[in-house]
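Dumping the structure here so I can ask a few things about it.
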Amino acid sequence: MSEALNYQAGFGNQHVTEAVAGSLPVGRNSPQQVAHGLYAELLSGAAFTAPRAENLRTWMYRRQPSVVVGSYQPLSHDFLKTGAAEGQAAPPDPLRWAPSAIPEARSDFVAGLRTLVVNGDPDAQVGMAAHLYLANASMERSAFVNADGELLIVPQQGALRITTELGRLDVKPGEIALIPRGLAFKVAVDGPSRGYICENYGAPFRLPELGPIGSNGLANPRDFLAPVAHFEAEAGAYEIIKKFGGKLWRAEQGHTPFNVVAWHGNLTPYKYDTAHFMTIGSISFDHPDPSIFTVLTSPSDTAGWANVDFVIFPPRWMVAEDTFRPPWYHRNVMSEFMGLVLGQYDAKPEGFKPGGSSLHNAYVPHGPDTEAFAKASSVDLAPHKLDHTLAFMFETRWRLLPTEFALNGGALETSYVQCWSGLQDRFSA
Ligand SMILES: [Fe+2]
């Protein structure tokens with residue numbers, strides 16, 4: 001992975017790129033003959049008649065079209081689950097999981113998928129799943145296509161090289177990657193690797209509106225990086241694994257799917273470095289709502305009620321006066337799946353480990369543990385920097401159901417609710 005990759009900056013831009021000069025048609029998308037004997041193929045990420053601002057599509061010019069593939073056969077996977085129908089009934093308790101160990105046995109990105117929570121239904125284009133990936137091997141002559149949802153990948157340990165039909169992305173912890181629904185990709189690792197994935201069945205992730213914040217701030221569009229065109233030259237067979245209707249399917253073809261020589265369009269994979277997130281916070285008093293930390297949002301059909309928001313808690317200064325600075329105790333209509341990439345989370349300074357996860361479902365009360373409450377209630381409120389930390393949340397309007405693996409896979413911390421048991425009745429009239 002030593003070769004540094006090139007990128008094209010800008011979220012939602014109509015990117016234009018060719019790996020061989022003269023491959024892109026000029027002035028038309030599908031000429032009678034494409035240069036260099038290439039085939040034209042369209043990938044749509046929106047209905048053709050979606051409003052212009054939401055329309056996503058990319059034209060690819062490739063050595064063979066993706067229809068040249070063998071027939072698909074079912075492929076079993078014990079730990080990959082889809083939709084509320086594959087979730088388990090669970091009590092309305094706060095749930096938390098310790099970091100899952102990366103297996104010793106060979107495990108690539110697809111084999112290492114472990115679904116923790118699910119909601120919705122990909123056929124209804126509603127909801128999401130949160131998965132872990134636990135990988136120690138690269139996908140070599142194997143590619144993955146997810147027809148059920150786009151994938152937001154949040155590495156926690158280990159750098160990834162993600163090869164897609166539209167080019168390559170190098171992504172390390174602190175960065176994220178976004179892979180459009182229906183786009184083939186494979187993942188190479190450089191050692192034991194772990195991370196989180198939001199599989200989004202709903203509207204594609206986009207940047208949130210900024211309202212009174214204005215035209216700058218939070219995640220700026222230019223910091224999202226799309227790949228440049230790149231194709232694999234090596235001949236030989238490939239395995240294509242497709243997630244389609246909640247199941248995995250496998251086919252073999254005689255050539256690489258990474259054979260796109262040129263492309264143009266606004267439906268692309270991206271990487272984004274969370275260090276570029278311009279954080280907004282209180283400079284007077286009170287703990288603001290976490291919506292100020294939204295990086296990307298997948299709206300539902302009700303304004304403001306996200307199908308899923310991707311929210312980060314990055315390093316930032318805490319300066320609010322006369323304020324309990326961590327999140328207060330709360331219970332919300334939205335459901336919160338959290339992960340920790342590195343460092344400490346201020347509401348759970350010791351109990352929540354990097355690589356761990358938590359679920360605070362709709363109307364499940366939660367907040368700072370006993371230790372965090374005691375400290376934040378009495379600490380000197382000088383300006384203080386929360387540093388070396390990155391927590392995140394997948395927040396969704398639909399209740400999340402844990403999977404069988406989440407409940408019985410060994411990482412569930414059954415003593416989690418005890419972290420609040422020391423909060424005494426201190427009332428005195
Ligand atoms: Fe919360």
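Using the three backbone atoms N, Cα and C, a Cβ is placed for every residue, glycine included.
Pulled these from TrEMBL:
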DOMAIN    6-273  domain 'Homogentisate 1,2-dioxygenase N-terminal'
DOMAIN    276-427  domain 'Homogentisate 1,2-dioxygenase C-terminal'
ACT_SITE  His287  active site, proton acceptor
BINDING   His330, Glu336, His366  Fe cation binding site
BINDING   Tyr345, His366  homogentisate binding site
Using C-alpha atoms only, work out the spacing between the residue listed as 'active site, proton acceptor' and His330 (Fe cation binding site) and round it to an integer in Å.
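Pair distance, Cα basis, whole Å: 12 Å.
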Counting Cβ atoms within 10 Å across all protein chains shown, which of the recorded positions His287, His330, His366 comes out on top?
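Per the Cβ count, the most surrounded site is His366.
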Which are the residues of the chain, His330, Glu336, His366 excluded, whose CB is within 8 A of where the CB atoms of the Fe cation site average out, their centroid?
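For the Fe cation site, the extra neighbours are Pro94, Pro327, Arg331, Asn332, His360, Val364, Pro365, Gly367.
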Test of understanding: give the count of other CB atoms lying within 10 angstroms of the CB of Glu336 (Fe cation binding site).
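Step by step: centre on the Cβ of Glu336 (Fe cation binding site), count other Cβ atoms within 10 Å, giving 22.
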What whole-number Å value do you get for the CA-CA distance of Glu336 (Fe cation binding site) and Tyr345 (homogentisate binding site)?
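Distance between the two Cα atoms comes out at 15 Å.
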Whole-number Å distance between the CA of His366 (Fe cation binding site) and the CA of Tyr345 (homogentisate binding site)?
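His366 (Fe cation binding site) and Tyr345 (homogentisate binding site) have their Cα atoms 14 Å apart.
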Quick check for the class: what is the C-alpha distance, in angstrom and rounded, between His330 (Fe cation binding site) and Tyr345 (homogentisate binding site)?
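Just about 17 Å between their Cα atoms.
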For Tyr345 (homogentisate binding site), which residues in the same chain are close in space, meaning a Cβ under 8 Å from its Cβ, but six or more apart along the sequence?
Phe313, Met338, Phe352, Thr389, Ala391
Filtering His287, Glu336, Tyr345 (recorded positions) by proximity to ligand 1: which pass a Cβ cutoff of under 6 Å to any of its atoms?
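Only Glu336 meet the Cβ criterion.
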Return one of helix, strand or coil for His287 (active site, proton acceptor), based on DSSP.
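DSSP call for His287 (active site, proton acceptor): coil, neither helix nor strand.
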